[in-house]
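Database features (Swiss-Prot):
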type	residues	note
BINDING	14, 15, 16, 31, 104	GTP binding site
BINDING	104	Mg(2+) binding site
């Protein structure tokens, strides 16, 4: 059955990170550009996959890539915090709600995303797996803009502080696996294995 497209909430793919722990052959690599599944890059995989669920998917990053897609460019070149991407997205898109997801969480199910997008009476609705809060796999309302501005002004880039000081709610999910974050090459290899296993049923 085809997924009904979410057309009233844009999805912003957060890809402005540092990849500091992602090392291949003793060299730091940009994980967004690592080949993934049958796609030339993780970026292309995530963008293509999310377009099956959202009418509008935009990539938030420091610079645009070869992939033909809409980009939101983060101007802060030497500072790495997802808060810049979230703040910039609200200023640019001028929309009440935005769903955010990091580039390096390719296993999050559409069911989980739909569950998060289905609750709209909080400022931040985020995913929580058995061991961890996932503040970046989340639906945000534009009424967080003042809190975002204040956090950036005071240089408090801790996402947990901001979320806990706004009307937020955690949605509990019992599958740890789907929230696997590809911080390292080992995580990346594990994700590839999981998808292979899923494909073979």
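Note: Cβ is positioned from N, Cα and C throughout, glycine not excepted.
Since this is a predicted model, take the numbers as computed values, not measurements.
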Chain-internal residues near residue 15 (GTP binding site), provided their CB is under 8 angstroms and they sit 6+ positions away: 32, 43, 59, 60, 61, 102, 103
Count of other CB atoms lying within 10 Å of the CB belonging to residue 104 (GTP binding site): 23
For residue 14 (GTP binding site), the number of other Cβ atoms found within 10 Å of its own Cβ: 23
Surrounding CB atoms that lie within 10 Å of the CB of residue 16 (GTP binding site), all protein chains: 25
